[in-house]
Amino acid sequence: MALFYPVFGSLKIIFGPFEQCLNCKKNFEENMKMMKRLSEELDSLKEDIELRISAECHAGTMQTEEVKNWLEDVQRIKSETEVIEQKAGDKKFLSGAFLGKKVEVKVVELKAFLKKGKTFLGLVKYFRYIIIGGGVAAGYAAREFDRQGLKPGELAIISKEAVAPYERPALSKGYLNPKGAARLPEFHVCVGSGGERLLPGWYKEKGIQLFLSTEIVKVNLGSRTLISAAGETFKYQTLIIATGSTVIRLTDFKIEGADAKNIFYLRELEDADELAESMKTKKNGKAVIVGGGYIGLEVGAAMRINNFDVSMIYPEPWCMPRLFTPAIAAFYESYYANKGIKIIKGTVAVGFNANPNGEVTGVKLNNGRVLEADIVVVGVGARPLTTLFKGQVEEEKGGIKTDKFFKTSMPGVYAVGDVAAFPIKLYNEVRRVEHVDHARKSAEQAVKAIKASETGKEIEEYDYLPYFYSRSFNLSWQFYGDNVGDTVLFGDNNPSSPKPKFGSFWIKDGKVVGAFLEGGTPEENKAMAKIARLQPRVENVDQLKKEGLAFASKI
């Protein structure tokens with residue numbers, strides 16, 4: 001055996017360098033992978049810093065010579081890294097020998113620049129899930145995340161408002177009651193649908209972080225980055241856009257005097273607080289409501305209940321023209337008139353008068369008339385808040401286009417509530433729906449879809465039946481389905497009746513597609529919802545009018 005030792009020694013001498021070369025190649029390949037990963041990370045960090053700079057006003061904290069030099073150096077390093085990668089591809093097997101040291105040096109340099117860049121940004125806040133928007137949809141999404149299984153620290157809600165998510169419809173109803181007015185924490189979500197009230201402590205208990213009074217001003221969906229007005233940076237894996245809508249303001253149209261004091265819009269809690277305070281100081285005064293939609297009708301009733309002299313103006317020939325028929329609208333206009341509310345149709349506000357203190361005193365109409373006013377409430381519509389996402393996701397119907405699970409065209413991004421343009425299965429078309437019921441249900445659907453995608457499970461597609469409702473004075477109506485086609489009015493629609501109860505069916509292609517009911521019981525409203533979904537055929541319209549509510553009850 002001793003005779004073989006010299007042979008083994010010789011083999012070691014011969015193959016040793018080859019083995020060393022193989023190890024060198026292995027180390028080189030690992031360093032190349034690391035260099036590429038670090039380069040991509042540095043490039044993403046550079047985008048975040050540039051995004052932060054663009055979000056700042058002039059002379060912001062990021063606009064320094066040091067940051068500028070860092071950005072220039074990062075661009076240089078990127079070019080040098082690309083050259084090394086190209087040479088490594090050309091030389092192939094011998095790359096380690098020629099480039100090994102350069103790659104090691106570049107890895108060290110990349111790490112140093114990453115570390116320095118992160119100090120510029122400060123502490124980046126990372127979350128698995130982020131909901132941008134703190135309205136109704138955000139609260140219902142948070143509850144669904146908890147139901148589906150959520151670890152502490154995984155979810156954050158970023159809201160411009162100063163309070164945890166609440167049921168927004170209360171602002172134009174119970175919040176303005178003269179006696180026993182609703183106040184937080186009474187109407188935090190999810191009491192509007194009969195669920196548990198989610199107080200701020202609930203979010204803390206579940207490990208859900210609320211970033212309140214925090215406005216997002218820049219969004220880069222490609223790098224999954226959000227920048228706040230205060231310069232905070234947020235990163236996410238999955239984003240739910242629940243930004244809702246913003247009111248259309250008369251100042252947008254440069255209407256004379258539209259910026260006077262005591263001209264109010266109602267969208268957020270702060271708006272309601274300011275209106276309620278003004279109602280105290282202008283007690284028993286004159287109020288003018290501009291607009292004949294949801295806000296106009298509900299706030300007009302609330303102001304009258306608070307003993308204000310109320311006038312309502314709107315340009316349309318009847319109130320709630322997007323939903324009501326002339327016959328339905330006639331009932332509510334007469335009912336309001338019986339309550340002492342003066343309704344002026346077919347006219348618009350073209351200007352406002354104000355006193356030396358800047359407080360509104362009158363509303364100028366396009367017919368030359370001037371209405372005295374101590375308070376003006378404007379409700380002329382809303383726009384979905386999609387500006388932050390323009391050019392980054394597909395849009396349709398004025399909103400963000402989604403599929404039946406509320407996924408947008410951008411991976412990892414979902415949109416719910418007012419901003420979502422989604423497919424309605426029942427009608428085989430894409431629509432946007434601005435109503436609290438859809439905000440709640442779309443938020444829950446999106447969370448279910450997110451969790452299902454993570455586990456490889458399947459869920460049912462969103463099969464939404466459009467639903468709208470309102471309450472004012474002692475009235476309460478509900479609508480289900482689609483308001484297209486011919487209509488059949490039934491029941492007692494006399495505005496002087498002690499308890500009026502009437503409804504309407506919409507008929508298209510011989511089928512009932514929509515159903516409206518004023519003064520219905522919970523069971524009767526369920527029957528109307530059922531008929532709108534099942535869309536039964538109508539053989540005799542006169543018989544339908546005669547049967548009315550009984551027709552829905554027997555389906």
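For all residues, glycine too, the Cβ spot is worked out from N, Cα and C.
Where the annotation comes from TrEMBL, it is an automatic prediction and has not been curated.
Worth saying up front: this structure is predicted, and the values here are computed from it rather than measured.
What TrEMBL says about this protein:
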type	residues	note
COILED	25-55	coiled coil
DOMAIN	128-443	domain 'FAD/NAD(P)-binding'
DOMAIN	465-552	domain 'Monodehydroascorbate reductase 3-like C-terminal'
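On the 0 to 100 pLDDT scale, the model's mean across the coiled coil (25-55) is 82. Using a Cβ-Cβ cut-off under 8 Å and counting only residues 6 or more beyond its ends in the same chain, the coiled coil (25-55) has close neighbours at 62-63, 67, 70-71, 74-75, 77-78, 81, 84-85, 88, 93, 95-96, 99-100, 103-104, 106-107, 110-111, 113-114, 117-118, 120-121, 124, 217-218, 220, 222-223, 225, 227, 229, 231, 233. Look at the domain 'Monodehydroascorbate reductase 3-like C-terminal' (465-552): DSSP puts its residues at 24 helix, 37 strand, 27 coil.
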